[in-house]
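Trainee: Shown below is the structure under consideration.
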Amino acid sequence: MSSNSFSVNVVKTKPYLDQKPGTSGLRKKVKVFTQENYTENFVQSIFDAMPSPGAKDSTVVVGGDGRYYLSEAVQKIIKIAAANGVKKLIIGQNGILSTPSLSNIIRKRKASGGIVLTASHNPGGINYDFGIKYNVSNGGPAPENITDMIFTCSKSISEYKVADIPDVDLSKISIMKFGDFEIEIIDSVIEYVTMINEIFDFPLIKSFLQKHPDFKVLFDGLNGVTGPYGRSIFVEELGLPKSSIDQCVPLADFGGEHPDPNLTYAHKLVVNVEKNKIDLGAASDGDGDRNMIISHDWFVNPSDSVAVIADYAVEAIPYFKKSGLKGLARSMPTSASIDRVAEAHKVQLFEVPTGWKFFGNLMDAGKLSVCGEESFGTGSDHIREKDGLWAIIAWLNIIAHESLVQGKLVTIRSIMQKHFLKYGRNYFSRYDYEEVDSDAANRMYSELKAKMSSELVGQSFGSEKLTIAKADDFEYTDPIDKSVSKNQGLRIIFKDGSRIIVRLSGTGSSGATIRLYYEMYEDREDMLMMDTQEALKPLIDISLKITKLEEHTGRKEPTVIT
Ligand code: VG1
Ligand code: CO
């Protein structure tokens, strides 16, 4: 036996062939993860695939969103990590860390990487989803070459190593040592709140809230991981009343809901915002990396949200006053609202595939400050994950700043109107068809793909503007490491720049989810405040025609409309 005060057992195992990480980690039903050795195989594969210098002597951060099966998974990771020679694990108290908070800890502690235990916005509980994601030393999700390597390892695994150390108490802030192996249990919230304090203008926000006691804020944690973070920031730091936070106790099953901040699943917030005339309503998802911004008279589309934050960043937010605006980026389906801001601020705009992992290289190279996805993901180079509370506080900071500039209380609606008058408006909507039969979805997708360049280009739908100018399958070459990502979504682009995008989700755990994205640009002054669904109706009709969605799937209506 080595200097370790534990022995290592080698357990024989057989590979599972379905451990391919999707858009954001491996997500499956809890019942899949609890199959014999399923979790152990994947965790061992992560350690096997860890980039050089590998697992031995590394420091790894571990935490998750509090969903069902979290502590069991943490205990397994501890034993497998120790057996693989990991030097130190930094674990959130009770295993809890929001995704952005975990990204921050990796960076602050200069850890080798992190294991994030979450299925994000997917429902939790014994009959629902669990997930495991590996993040690298920059704090961001592992890039595709590493997730491919994890998958490769998982397909040929024949044994895993496990240390015979007892289950540890995750509930107390402490340091435990087993020979050379160390476990540090840290407070889940403090370091994140400190970081947020350093980024934003808290004195300005505080004086704004004091000056306008009638300005109503409501943050809904959707029973996910951000509850304690939200309580600390809104109630303790900013002194808002307790009534300005809701559903802020993390529950293992998220109270039986989808912890997904959108108009459908955050319905309770939508109703409360309306009923109580809330000026800034906000929600976050299960693991805390998404955000929704809404007021009683406006819903901020995520594609617009990131554009507004980018536009105000240097003017209003101390972090960017210091760092400047290095560049902007969005995922491909996200509207080009932010492209216009990039142009106005004379910085480069990057269009990357769906998934936060594609922003990391650009940030590490100093080419990117603010970025976002239409799927309620917004963030910046302060960490390497999208950050729900960051985006919400950014809005609060912008409202406080703009109110000071104008010498009166401004509304979210007025900020949006001002933005549209300056830049025009990219009307945007996404239709999700969830839990569609996989074969039907795949058939629809491949049929459409087959006729993309041949049949579709040149087809006209009633007007010259609505003639298809380009149709392709999006492909991305990373400007930094030159890696190529193919098959990232079907794009149908019209002569006037309008777009229909078709993708299949990579985060679901059963059946397929079809996503249809619509975008149309408008800059006529009297057409800026139209109803989104009305504005996009022609594109929606065209998409249903060319995809034959109903014929293939039997679905008449989407499950979720954003
Ligand atoms: C979805 C979103 C994507 C996001 C991903 C992870 O992926 O569309 O923009 O990055 O979820 O978000 P997909 O493949 O289902 O479209 V999270 O908050 O679930 O980690
Ligand atoms: Co999430």
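Any Cβ shown, glycine's included, is placed from N, Cα and C.
Remember, predicted model here, so these are calculated numbers, not experimental data.
Taken from TrEMBL, the feature domain 'Alpha-D-phosphohexomutase alpha/beta/alpha' applies to 19-160, 191-296, 304-403.
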Trainee: Restricting to the domain 'Alpha-D-phosphohexomutase alpha/beta/alpha' (19-160), report the mean pLDDT as a whole number.
Mentor: 96
Trainee: How many helix, strand and coil residues does the domain 'Alpha-D-phosphohexomutase alpha/beta/alpha' (191-296) contain under DSSP?
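Mentor: The domain 'Alpha-D-phosphohexomutase alpha/beta/alpha' (191-296) comes out at 45 helix, 17 strand, 44 coil.
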Trainee: Let's see if you can do this one: DSSP helix, strand and coil counts over the domain 'Alpha-D-phosphohexomutase alpha/beta/alpha' (304-403), in that order.
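Mentor: Split by secondary structure, the domain 'Alpha-D-phosphohexomutase alpha/beta/alpha' (304-403) comes out as 51 helix, 16 strand, 33 coil.
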